[in-house]
Amino acid sequence: MHRESIFLVGPMGAGKSTVGRFLADKLHYQFLDSDQVIEDKTGATIPMIFDIEGESGFRAREKAAIDDLTQQSEIVLATGGGAILNPENRKNLRSRGFVVYLKSSVDSLVQRTRHDRNRPLLQTENPEQVLRKLIEERGPLYEEVADLVIQTEQVSVHRVVKQILDKLAEQKII
C-alpha cells in the first residue's frame, strides 16, 4: 500500500497546525510545520527573519524548506500561508503528495489570529483588511493545488480530520 504524504495549505489561522497534529496522530505519520522547521534551522523566529531579511528572504528559505520537506514520505506538513505564492512550491506540493486546503472566512481568521504576535503580515492597524487582501490574492492558488477543500469554520478539529481521513480512504491513499 502506497503511503502518501499529506500537505495542508490555507491562510494563517485556518487550523493547519492543529488539524495537522491530529491527522498525523491518526495516520501514525510525523507532523511537520514548515515555519517551525525554518525557525529551528535558523535559530530565529519568523518575525525576526522578516525584520532582518524581509519577506523575500523568508520566502527563499520557505522555498528551500518546502522542496526538502515535500520529498519526505509519511508526513503531514502544515505549510505557511504564503507558501503557495511560489510556482515551484505549488508544483512540488501538487506532485509529491495529497493537498488539503483548509478554508475559512475572513471573520473567522480575524478571530483566530487577533492575539497572535508571531504573524508579521498582520502587525498592522487593520489586520482584517490584510487578511481580506491575502485571501483574495491567495485563494485561487490554494484552490489550484488542492486535491480536497475543507471548510474549517464552525466545524470541530475532529470533524475536519474525519473528513480528510474519509477522503483519503475513498481515494485509496491510506
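Cβ coordinates are placed from backbone N, Cα and C, and glycine is handled just like the others.
Summarising the annotation, Swiss-Prot assigns ATP binding site to Gly13, Ala14, Gly15, Lys16, Ser17, Thr18, Arg119. Secondary structure at Ala14 (ATP binding site), as computed by DSSP, is coil.
Taken from Swiss-Prot, the feature Mg(2+) binding site covers Ser17, and the record attributes it to sequence analysis. Contacts of Ser17 (ATP binding site) defined by a Cβ separation under 8 A and a same-chain sequence distance of 6+ are given as Asp33, Ala78, in order along the sequence.
Under a cutoff of 8 A between CB atoms, and with a sequence separation of 6+ in the same chain, the neighbours of Gly81 (substrate binding site) are Gly10, Pro11, Met12, Ala14, Leu134, Arg138. Feature annotation from Swiss-Prot assigns substrate binding site to Asp35, Arg59, Gly81, Arg138.
Rounded to the nearest whole angstrom, the C-alpha distance between Thr18 (ATP binding site) and Asp35 (substrate binding site) is 14. Just so you know, of the binding-site residues Gly13, Gly15, Asp35, Arg138, the Cβ with the fewest other Cβ atoms around it within 10 Å is the one at Arg138. Gly81 (substrate binding site) falls within neither a helix nor a strand when secondary structure is assigned with DSSP, and so counts as coil. Just so you know, the Cβ of Ala14 (ATP binding site) picks up 29 other Cβ atoms within 10 Å once every protein chain is counted. Site extent for substrate: among the recorded binding residues Asp35, Arg59, Gly81, Arg138, the largest C-alpha separation is 18 Å.
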